[in-house]
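Visitor: One structure is given below, represented as structure tokens, and several questions about it will come after.
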Amino acid sequence: MTEASARTIGPLPSRFSRDPKTPRSTDNAAAALLLAFTVLAILWANSPWAQSYSTFWDTHVAVSFGEYRAELSVKHLVNDGLMAFFFFIVGLEVKSEFVIGELTDRSRAAVPVVAAIAGLIVPAVIFLTFNPSGPDAQAWGVVISTDTAFLVGALAVIKPKFPARLRIFLLTLAVVDDVGALGAIALFYTDDLKLAPLAVAALLIAALAMVRRLPSLRGPAYAVLGFALWIALYLAHVHPTLAGVAVAVLIPVFTPERRQVEQTVDLVRAFRQSPNPQYARAVTRGLRESISINERLQTAVGPYVSFVVLPIFALANAGVHLDEQTITAAMSSTLTWGIVAGLVVGKFVGITAATALMSATGWGQLAPGLSLRRVAGGAALSGIGFTISLFIVDVAIEDPARQDEARVGVLIASVLAFTLSWALFRITDWISPPEPVGLTLVRPVDPERDHIRGDPDAPLVLVEYGDYECPFCGRATGAIDEVRTHFGDDLLYVWRHFPLERAHPRSFDAARASEGAAAQGKFFEMGRELFAHQDDLEWSDMYRYAVAIGLDIEQFDQDVRVHASKVLHRVRDDAQDAEVMDLNSTPTFFVNGKRHKGPWDAASLIRALEAGR
């Protein structure tokens, strides 16, 4: 299957809208770089040049404009300035997940969302049992966050079997975790508000909300207003990194629309035939605007955050001076052990218990192929709290010595969380190895129910899960005809519905129309019409196609509109089968009950079927 076809995703498009290998390797490299700079910071802070470490990061940088003057240390410039880009990327991901990603499907998202909330509350409660009062109690926010970059990288290092579903669960959990951590910063780690700059910030946020209506130059407008918002929040004594989140959540996100993509393709053809500046500008604009600015910014800014901002942040904040005095103080510090217990025990217990409760009560269900044992391993790994944890250490604790004790706690917790997760995955994979999902057809072919072409007793069976609005399914019809011609009576072909409504908004109605035609014995005839007119799938169009293939239009209307329950259940039953098998793109083929992996051109399908004789 091509990369483009993998983008045609339904309920959970963000999981599959990117190349499945590139982001994972990028995440791993980013986590490795973050770890390297963490080690470098520790070595630097404990080397003969340790004094230069603190001297450099404490160096002050000042900017003045008339009577206004802003002065920050290099460390605060990193934490307050550069880290705004980190929170900007987090905000973009959160917005994307809520609008077109994991969190759009409330039933699928319920378990990781509730687990994430428990993973925020339980660690804080455990920390406060160690530090119920005094200045250290203010550091409870250190234990609520999971470091997404380290989480993904550590999962790749541990290499549990079949990690795809677990990875999606943990990323969904991490999104909610980030929302909670950012909310904690806004609500509990901001004080001494200045109302005038805060009012200016509110006006800037309103202006940012209107930028989407501009016909052009939206990118520069977001940048200028975002920088102004950062300054306003800084002057208002609100943590200015929240400007990154505010800008991100106001940037629109959407899935590519097929019609707009096709219009851009037409412009490319026109440019090829007649290259000129006008067509070049139109093509550039069409390509740019067919993808949401949210996705474009994630792609453009994300690598700089992963490979520049976060390593610099680690270098600035992880330099714990591990002399005998610091280690001795940390080993006897309730602050240190409160952080360790909160992150390691709190995350593990909170996430695992909440998941078990949701599954047992039926309030939510785990995705196919994901068991409580797998979640437990991921929950342990969620105890790696680094980026935001170190960030809150600097915000919540004023005493440098206590900051070092807290950083030691974060480092110890990260090592213990990784070790615990590794042990859990190794033990559970050995005791009860997970099985891959979706490799076998979940429901056998039933000639009385399924839509079939060919002899029901044929030795070869090809099942397709498809979508009438999917252009790749439309192209596959020619391949299917070639395959059927090649095998003749030896092949039974079966069509099952898998309408990907989020990517193809008319696909479900098209499937209903085909079922209405099936009631009059013309299922495949209607399918031909639907594939031939994929850009015209309004109900008025489908009634025209019904007339064109000779249906009784009154009966068709009764079947699809008046007495629609049978039609609806039929389409949903097929779609639910696809969900159980964790299918994610169309077309998906099964050859003799086994999922076909790889290209689906006629030659490839013929080879796969021949191998099954």
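Glycine residues also receive a Cβ, built from the backbone N, Cα and C atoms like all the rest.
Small disclaimer: the values here were computed from a predicted structure and weren't measured.
Among the features that Swiss-Prot reports, region 'Disordered' is placed at 1-24. Feature annotation from Swiss-Prot assigns region 'Na(+)/H(+) antiporter NhaA' to 1-408. Swiss-Prot lists 29-49, 81-101, 110-130, 138-158, 168-188, 191-211, 231-251, 300-320, 337-357, 377-397, 408-428 with the feature transmembrane segment. Among the features that Swiss-Prot reports, domain 'Thioredoxin' is placed at 409-613.
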Visitor: What stretch, picked from 29-49, 231-251, 300-320, 377-397, 408-428, has the most CB pairs under 8 A with the transmembrane segment (168-188)?
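Guide: Stretch with maximum Cβ contacts: 377-397.
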Visitor: Decide whether the stretches the transmembrane segment (110-130) and the transmembrane segment (337-357) have at least 3 CB pairs under 8 angstroms, with pairs required to be 6 or more apart in sequence.
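Guide: Contact confirmed: at least 3 Cβ pairs fall under 8 Å.
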Visitor: May I ask which of the stretches 81-101, 138-158, 191-211, 231-251, 300-320 has the most CB pairs under 8 A with the transmembrane segment (29-49)?
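Guide: Most contacts with the transmembrane segment (29-49): 300-320.
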Visitor: What stretch, picked from 191-211, 231-251, 337-357, 377-397, has the most CB pairs under 8 A with the transmembrane segment (300-320)?
Guide: 377-397
Visitor: Based on Cβ pairs under 8 Å, which of the stretches 138-158, 191-211, 231-251, 337-357, 377-397 lies most in contact with the transmembrane segment (81-101)?
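Guide: Stretch with maximum Cβ contacts: 231-251.
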Visitor: Can you tell me which of 138-158, 191-211, 231-251 gets the most C-beta pairs within less than 8 Å of the transmembrane segment (337-357)?
Guide: 138-158
Visitor: Mean pLDDT over the region 'Na(+)/H(+) antiporter NhaA' (1-408): what is the value?
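Guide: In the predicted model, the region 'Na(+)/H(+) antiporter NhaA' (1-408) has a mean pLDDT of 82.
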Visitor: Determine which residues of the chain contact the transmembrane segment (138-158) at the Cβ level, with the cut-off under 8 Å and only residues 6 or more beyond its ends counted.
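Guide: Hits for the transmembrane segment (138-158): 24, 27-28, 30-32, 34-35, 90, 119-120, 123-124, 126-128, 131, 166-167, 170-171, 173-174, 177-178, 180-181, 184-185, 188-189, 306, 310, 335, 338-339, 342-343, 346-347, 377-378, 381-389, 392-393, 395-397, 406, 409-410, 414, 418, 421-422, 425.
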Visitor: Quick test of the contact rule: Cβ under 8 Å, at least six residues beyond the ends. What residues does that give for the transmembrane segment (377-397)?
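Guide: For the transmembrane segment (377-397), the sequence-distant neighbours (Cβ-Cβ under 8 Å, at least 6 residues beyond its ends) are 34, 38, 75, 79, 83, 86, 115, 119, 135-136, 138-139, 141-151, 154-155, 158, 160, 166, 169-170, 173-174, 177-178, 181, 184-185, 189, 239, 310, 313-314, 317-318, 339, 343-344, 346-348, 350-352, 355, 403, 406-407, 410, 413-414, 416-418, 420-421, 424-425, 428.
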